[in-house]
Amino acid sequence: MASPLLLVVAAVIALGAGHGAAFDPNPLQDFCVADTTSKVRVNGVPCKDPAAVTADDFFFAGVDRPGGGAASRRYGFTALPVQIPGLNTLGASHARVDVPPGAVFPPHYHPRASETAVVLGGAVYFGFVTSYPDNRVYAKVLRKGDVFAVPQGLVHFLYNNGTAPAALYATLSSQNPGLVLLADALFGTGLPDDLLAKTFLTDLDTAHRIGAKFRSS
């Protein structure tokens, strides 16, 4: 008969394993092509009938061309999600990001994913910041062919401070990585001006003006 200590250890291991699988668990089949017509609501997208799957379910065209995605008027970048139904349940997502001269993808983080970005063209200043209390910046100027990795959940950014357009291809380690733009989350959501003023060591009027600008743009 197992001792009480062994039972406790086994229970802790089981709980830890369950927590580790809480995000994008391993699939139980070769693939689960997303059935976007299904009315079923699950944590993800239901699987298409394997008999109806074709090569096009694993294909996406157009990553070689700039634009074509959602543009940010505030920051100037354009993001094109690479939507491949065959990646459903496989714990990955991809996007092309175009950044014209002077534009930024401002400080942000993905709560559920790490990120790897390869530069398709141009050059950008790209980096991330470690967590408190170190708050250390790791950043480099990246050029065509360079690759940079960002650990999960850390704040990162990119800035095209050159004179030529830049483009990147980003791969994230979750089907739904999440995106939190720090400035938008702080100034665009109606947080009290006095809280923001104290947080950023500024005066109340400045915090109010920044917040009003975010909420009106």
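Just so it is clear, glycine is given a Cβ too, placed from its N, Cα and C backbone atoms.
Taken straight from TrEMBL:
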SIGNAL    1-22  signal peptide
DISULFID  CYS32-CYS47  disulfide bond
DOMAIN    59-208  domain 'Cupin type-1'
BINDING   HIS108, HIS110, GLU115, HIS156  Mn(2+) binding site
BINDING   HIS110, GLU115  oxalate binding site
Composition by DSSP (helix, strand, coil) of residues within the domain 'Cupin type-1' (59-208):
21 helix, 60 strand, 69 coil
To the nearest Å, how far is the Cα of HIS156 (Mn(2+) binding site) from the Cα of CYS47 (disulfide bond)?
34
Using Cβ atoms only, which residues of the same chain lie under 8 Å from GLU115 (Mn(2+) binding site) while being at least 6 residues apart in sequence?
ALA149, VAL150, HIS156, ALA170, THR171, LEU172, SER173, PRO177
CYS32 (disulfide bond) to HIS108 (Mn(2+) binding site) - Cα separation in whole Å:
30
Among the binding-site residues listed here, HIS108, HIS110, HIS156, whose Cβ has the fewest other Cβ atoms inside 10 Å?
HIS108
Between CYS47 (disulfide bond) and HIS108 (Mn(2+) binding site), what is the CA-CA distance rounded to a whole number of Å?
32
Would you count the other C-beta atoms found within 10 angstroms of the C-beta of CYS32 (disulfide bond) for me?
21
